[in-house]
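Annotated features in Swiss-Prot:
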- 237, 238, 239, 240, 241, 242, 243, 244: ATP binding site (BINDING)
């Protein structure tokens with residue numbers, strides 16, 4: 001966050017009243033969304049309403065001890081983030097203050113009114129130019145490359161709001177982010193650092209239809225409810241159903257180039273877990289530490305409410321910057337409900353007319369404004385990049401009919417409904433296969449056919465049909481018991497049980513099972529389908545269900561998930577199933 005210096009202060013006003021994070025000031029010459037510094041301590045705030053001589057400000061810090069009569073200083077600039085090398089492997093708060101830098105200055109408990117630039121202004125980076133003198137460049141073009149971390153090459157771009165022109169001077173070597181590395185004949189100078197307002201989407205040429213899946217390594221997601229690179233997904237669920245673990249799994253194993261993890265109003269311990277785990281884990285694609293492709297934005301539940309509102313925008317702006325370089329970015333927002341609650345609190349302080357359940361009337365507009373910044377895009381420099389947004393939703397009491405869940409459902413195309421009953425039964429990830437859906441299936445099917453197996457969509461549909469049939473039979477089973485069913489339906493229930501227990505269940509804390517590649521996901525499902533086909537043949541030949549499920553090879557289906565050398569194991573298992581079941585008749 002760029003710090004306002006004395007020369008940047010354009011006007012001063014006076015505080016008239018303070019109500020929690022909302023402060024009103026008089027005699028302040030300001031525009032909407034200007035950043036202001038409030039009170040003697042210079043607390044950062046943002047103008048959210050102007051009425052006559054009264055300016056309303058939401059303050060991004062605790063406002064206790066702020067009194068009427070204290071000054072308010074206007075910077076005349078909108079809330080912006082610093083974009084440049086150094087953002088990977090870093091942790092920020094909701095307004096892009098680097099928490100690790102501030103901790104070194106003042107320990108674990110931060111004082112109010114402190115600030116630090118989002119990017120280290122003194123560190124030097126190796127700049128390798130990609131343009132020469134005399135080259136024509138336009139907004140969005142790559143002018144140089146900086147090795148930012150072991151796994152990420154940071155591309156220095158012509159800022160989107162520049163005119164562009166002919167390169168008149170270009171430097172090579174080590175520079176700080178504020179030193180000029182390229183000069184243009186238009187008089188414009190390009191540094192490695194640029195600023196961008198968080199509420200304004202960065203421009204692109206066009207939005208494209210996503211056709212590649214974001215492979216997560218979670219069988220239930222990749223197999224049944226896939227999300228595309230550039231897609232949007234919501235993970236609603238009651239407390240303790242596994243939202244955060246699912247988000248962590250996606251942040252760890254999703255095949256995105258960059259991960260931006262926004263902890264928005266959730267527990268601090270969960271962010272601590274991310275900070276401790278990620279540096280030790282390897283990226284399956286590069287073998288480098290996961291942290292080297294991750295940017296964390298921590299705005300935990302005990303941090304000021306107003307900053308929750310900005311942290312989501314800070315995260316998506318950083319994601320857009322890396323998308324402009326041609327990277328596939330995954331953004332996790334945990335949890336959008338806390339963001340909506342922050343909006344509700346600010347709205348009620350402003351005495352606005354409440355909408356449903358006290359949320360502001362513009363809740364749907366704000367949610368869609370955020371999710372619509374996701375997508376697969378053609379960038380201004382001709383490259384393609386994507387942002388996939390996965391938002392957790394925490395409906396009180398697990399009630400999916402509340403406004404945040406319902407408005408999110410209208411916007412996203414992928415719905416992963418977490419179920420408290422499944423979580424209580426220790427079925428994880430506890431994604432309810434009857435309530436969840438993905439609208440990306442059809443547009444991703446060609447990719448699965450080409451890259452995994454041409455019959456993948458058909459095998460998946462078979463699994464869905466079996467699970468649907470099980471759901472219909474469960475009502476009868478609860479009334480009369482399983483033994484009263486015809487034998488073919490009893491066998492269907494057994495097959496469905498293996499789909500649930502051997503395929504859908506996955507252990508996030510097992511070294512092998514935590515990540516399941518698409519090929520293994522398919523092979524495991526075909527093994528269960530093979531058991532289904534052979535078992536029904538045995539049943540048709542007059543073999544009782546009890547004998548079929550007592551065959552030694554059948555329980556081996558539950559061990560497929562933990563096999564590293566899975567191809568050999570599954571091939572052998574299919575052979576054993578065939579031999580042992582055919583011996584029965």
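Backbone N, Cα and C atoms are what each Cβ position is placed from, and that goes for glycine too.
Taking the features listed in Swiss-Prot, we show where each one sits on the structure.
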{"residue": "237", "record": "ATP binding site", "Cβ contacts under 8 Å, 6 or more apart": "243, 392, 393, 394, 395, 398, 417, 418, 419, 420, 430"}
{"residue": "238", "record": "ATP binding site", "Cβ contacts under 8 Å, 6 or more apart": "394, 395, 397, 398, 418, 420"}
{"residue": "239", "record": "ATP binding site", "Cβ contacts under 8 Å, 6 or more apart": "394, 398"}
{"residue": "240", "record": "ATP binding site", "Cβ contacts under 8 Å, 6 or more apart": "420, 423"}
{"residue": "241", "record": "ATP binding site", "Cβ contacts under 8 Å, 6 or more apart": "398, 418, 419, 420, 422, 423, 430"}
{"residue": "242", "record": "ATP binding site", "Cβ contacts under 8 Å, 6 or more apart": "418, 423, 428, 429, 430"}
{"residue": "244", "record": "ATP binding site", "Cβ contacts under 8 Å, 6 or more apart": "266, 270, 334, 392"}
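Shown in sequence order, 394, 418, 420, 423, 430 are the same-chain residues outside 237, 238, 239, 240, 241, 242, 243, 244 whose Cβ sits within 8 Å of the Cβ centre of the ATP site. Within 10 Å of the C-beta atom of residue 243 (ATP binding site) sit 25 other C-beta atoms, taking all shown protein chains into account. Residue 237 (ATP binding site) carries neither a helix nor a strand DSSP state and counts as coil. DSSP gives residue 243 (ATP binding site) a helix state.
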